[in-house]
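Taken verbatim from Swiss-Prot:
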- 46-314: domain 'Protein kinase' (DOMAIN)
- L52, G53, Q54, G55, G56, F57, G58, A59, A60, K77: ATP binding site (BINDING)
- D187: active site, proton acceptor (ACT_SITE)
- 316-354: region 'Disordered' (REGION)
- 329-350: compositional bias 'Polar residues' (COMPBIAS)
Amino acid sequence: MDLLCTRPGCARLNSFPDLDNRNTLQTVQQRFCTSCRMPLILAGRYLPVKLLGQGGFGAAYLALDRFTPTMRFCVVKQFQPSGNLNQEQLDLALSLFEREAVVLEKLGNRHDQIPDLFAYFPLLVDDPRTGKQDQFFYLVQEFINGQDLEKTVEKHGPLSEAEVRWVLTEMLKILSFVHGTGAIHRDIKPSNLMRDQEGKLYLLDFGAVKQATAGVGASNEGSTGIYSMGFAPPEQMAGNQVYPATDLYALAVTCLYLLTGKTAQDLYDAYHNQWNWRSPGLKVSQPLADVIDRLLLPTPKDRYASAEEVLAVLNGGKGNQGKAPPGATVSTPQGTNTQIQPTPASSASPLTAPKTPGKISQAVQNLPVLKVLFQGALTGSALVFWGIIAVSLFPQTNISLGILGMVVAGIILAQFKRWLEVTEMLSLNTLTILALLAVPGLSRWPKIVELATQLDFPVLVTVIIAAIAGAIAVVATIALFLLILKLLFAVLTRV
């Protein structure tokens with residue numbers, strides 16, 4: 001199994017073949033990065049296996065929870081600020097990270113379309129490079145196995161009106177719950193909406209959530225400058241109070257992206273200070289267009305007041321204030337996009353999580369195929385080199401086979417213990433070739449000499465050709481084995 005180091009600036013991939021054994025995986029105390037000595041098993045149970053995404057203030061990893069019956073996947077988010085931030089900015093960023101954990105604990109376990117919180121913890125570790133102690137913060141949440149809607153549009157193009165209407169309806173139901181708890185999400189956008197393998201829609205990334213405590217769902221404090229360019233309404237960009245209607249505005253812009261595949265900058269007419277999204281080629285029913293137009297109005301009080309009201313209109317009701325006029329205007333979206341957290345899984349391509357992850361499934365999913373094949377090629381060539389040397393020095397079959405067997409066992413053991421990796425194998429093969437070049441007697445196996453004579457090649461060139469053939473044979477064998485293993489795994493997970 002390969003484990004990623006989460007220390008900023010390291011990110012080394014560490015291989016531990018013994019962790020493919022389920023019993024070892026669940027009983028081992030700790031493993032450390034071979035480069036910086038960072039603990040790899042976070043909080044004693046979470047094993048990072050893949051980087052999902054990285055933003056200005058955090059990184060997200062796909063991880064295994066080794067203390068669950070199915071070895072379930074989860075998302076581990078690390079507070080990882082970058083750039084030149086002053087102490088006030090760092091404190092704000094950390095408070096937002098902690099707030100996401102609090103919100104997920106409060107909301108996730110109560111709504112099945114919001115990820116659950118599994119853990120939140122600090123980690124104090126020594127840095128051998130500086131001699132100082134570093135502190136890191138981690139948040140562990142449910143892994144949603146799917147694709148965010150931004151990537152869906154990038155890959156497949158705009159959605160149909162029926163699909164967009166479904167997304168809008170599902171999101172309104174989720175926001176009705178969120179707003180009902182007194183929270184405002186403040187970062188609704190396509191990359192924070194994810195559809196899983198079964199088609200269920202989820203709302204992600206609660207790092208920008210703000211509690212609404214005054215007025216009609218309004219915050220009694222100013223809003224921090226945290227938003228995504230093009231999706232935030234004027235009141236949010238100005239740092240003013242935020243409302244449920246703030247999220248509804250961002251949801252409307254999200255719907256425009258899903259319908260057209262175009263960004264807000266492409267659909268907003270800055271010269272006339274209005275949205276210009278209704279193109280002749282875009283077929284959208286008048287009722288849906290009217291709902292979107294009203295949600296895009298610049299003043300919060302002119303939009304729908306709640307998600308429930310929008311749902312009522314979509315279901316045939318009239319709402320409280322009638323329809324918004326076509327071509328509704330709004331202030332030019334300006335400001336800086338300060339994205340606090342990466343979307344947990346939006347940066348990753350859809351993964352097919354096994355139904356019952358275990359020793360075999362994890363070995364298959366986490367196997368670095370190219371590295372295995374390359375190391376197999378180096379091993380195959382090394383075995384040919386040493387086989388020729390053994391037979392050349394000891395023509396007696398039993399002795400040469402014994403020596404070759406010991407060499408094979410030694411190489412396998414050294415690779416298992418990670419004493420010999422790609423770099424070391426390259427060095428070993430290079431030194432072997434130099435030895436063959438310096439000592440001709442090491443390559444005087446009669447069959448090699450005979451083959452060199454037939455090919456009219458120097459003996460050393462013939463030896464290298466034989467080594468290449470051995471490398472190809474090993475690579476082909478490994479590739480066939482991996483193919484069979486993956487096919488077998490695919491069949492078993494569908495039973």
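Each residue's number is its place along the chain shown, starting with 1.
Cβ coordinates come from backbone N, Cα and C, glycine included.
Here the structure is a predicted model, which means the values were calculated and not measured.
In this structure, the recorded positions under consideration are L52, G58, D187, and the one with the smallest number of other Cβ atoms within 10 Å of its Cβ is L52. Counting every protein chain shown, the number of other Cβ atoms lying within 10 Å of the Cβ of Q54 (ATP binding site) is 17.
Here the Cα atom of L52 (ATP binding site) is found 19 Å from that of the residue listed as 'active site, proton acceptor'. Comparing the residue listed as 'active site, proton acceptor' with G58 (ATP binding site), their Cα atoms are 16 Å apart once rounded.
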